[in-house]
Every structure is written in structure tokens, then in C-alpha cells.
Amino acid sequence: MKLIVGLGNIGREYDNTRHNIGFMALDALAERENLTFKMDSAHHAMIADWRYKGEKILLVKPTTYMNESGRAVGPLMKYYNLENEDVLVIHDDMDMDLGRLRLRATGSAGGHNGIKSLIQALGTKEFTRLKFGISHPKYESQAVIDFVLGKFTKDEMPDVMLGIDRTIEIIEGFGTGEKVQMLMNRFN
């Protein structure tokens, strides 16, 4: 079994915002595969159960805020008896061009509070994450928080959707046991 975690913030006001790209990717996959997210209050998450090529894959959207994502993921891993290598976390990255993807098997939080929460909850940096580029604010005067919580523009959506399509390919490979290094070679 694999756990695919999309990071984001709950609430309609955060729909289609840059910081919620993890949720957006999982929502796109769920729509394509006719999956339904169900609330799991005990684990602070919305979960969709997906069977793909004989493999069970759980798509997880924590219902904690971004900065507390570890409160959902750590207990889910324990409940399902999963190891760190069974988890893929999808999150936004401001230091990458829009729609660009970078898969990593380990690494620091890089200033991302959702990843920081996961590192604290899991007690390690050793888990696979997929960074999804959201680019930088266009103007130096624009606050970072306003940028990441801002919605993608109509002009940005083609790059976003292309990145989401590639993200789904990575999820499919990871979910069926393809080695992270092989996925990195294909998609980085």
C-alpha cells in the first residue's frame, strides 16, 4: 500500500491557490478515476481509496492546516503500518518555475512549513516528496503569503494543468512500486 499526500489548506477560500497545488493534483486524479474523498475524522484527513494495477493507493488531503500536516500523516502511517518509503508528499515550491516538478527522496523543509511539520511528526527527513513549482511573486513588493495564497491566473492554468498531468504519472509510477531513482530520472 502507498500513501499519496497532497498538501494544502482546507476551505473553499483556498481552492485553486498556489499553496494548494497538492490538493489540486489529487482532486484531478480523483476526478479522472471517479474517486470520492471521504472524511476520516480520527486521522484529520480526507481520503480516497484507489486501486491501480492491483495496488492499493490512498490519496490523502490533511484537514489540518498546512503547518500541521504532520498531525494527519504520522498517525495514518502508524495506523496502516507504513514505512517512510511508502509515502509520497506533493507540495508547492516557490523557488521553481511554474509547473516544473522535482522529485526528491529526502531533504530539508526548505522553508515550507507543511514539510517542516511532517519532518517533526515523522522524526526524519527521509520521505519522498514531489515539489511542484509555483514560481515567485512578479513584484518585490508582493508579500510571499499573499502570493502563495493567491489563485492561479487564467494564463497560468495551462502550465499548472501540464504539471498536474505529469504529477499523476509520477503518482502512478510510485503507486505501483517504481523506484524513486527511476522516477527521478524520468521526470526531474
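Note that Cβ sites are derived from N, Cα and C of the backbone, with glycine treated the same way.
Remember, TrEMBL labels are computer predictions, not curated facts.
The following features are taken from TrEMBL:
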{"type": "SITE", "residues": "Asn9", "note": "site 'Discriminates between blocked and unblocked aminoacyl-tRNA'"}
{"type": "BINDING", "residues": "Tyr14, Tyr65, Asn67, Asn113", "note": "tRNA binding site"}
{"type": "ACT_SITE", "residues": "His19", "note": "active site, proton acceptor"}
{"type": "SITE", "residues": "Asp92", "note": "site 'Stabilizes the basic form of H active site to accept a proton'"}
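Annotated tRNA site Tyr14, Tyr65, Asn67, Asn113; additional same-chain residues within 8 Å of its Cβ mean position, judged by their own Cβ, are Asn9, His19, Thr64, Met66, Glu68, Ser69, Gly114. A gap of 12 Å separates the Cα atoms of Asn113 (tRNA binding site) and Asn9 (site 'Discriminates between blocked and unblocked aminoacyl-tRNA'). Between the candidate recorded positions, Asn9, Asn67, Asn113, the densest Cβ environment within 10 Å is the one around Asn9. Cα spacing between Asn9 (site 'Discriminates between blocked and unblocked aminoacyl-tRNA') and Tyr65 (tRNA binding site): 5 Å, rounded to the nearest whole number. Neighbour density for Asp92 (site 'Stabilizes the basic form of H active site to accept a proton'): within 10 A of its CB lie 23 other CB atoms from the protein chains shown.
For Tyr14 (tRNA binding site), other Cβ atoms within 10 Å of its Cβ number 17. In the three-state DSSP scheme, Asp92 (site 'Stabilizes the basic form of H active site to accept a proton') falls into the strand class.
Listed in sequence order, the recorded positions from Tyr14, His19, Tyr65, Asn67 having a Cα within 10 Å of the Cα of Asp92 (site 'Stabilizes the basic form of H active site to accept a proton') are His19. Whole-number maximum of the Cα to Cα distances across the tRNA-binding residues Tyr14, Tyr65, Asn67, Asn113: 16 angstrom. Neighbour list (His19 (active site, proton acceptor), Cβ cut-off 8 Å, at least 6 residues apart, same chain): Gly8, Asn9, Met66, Asp92, Ile134, Val148, Leu149.
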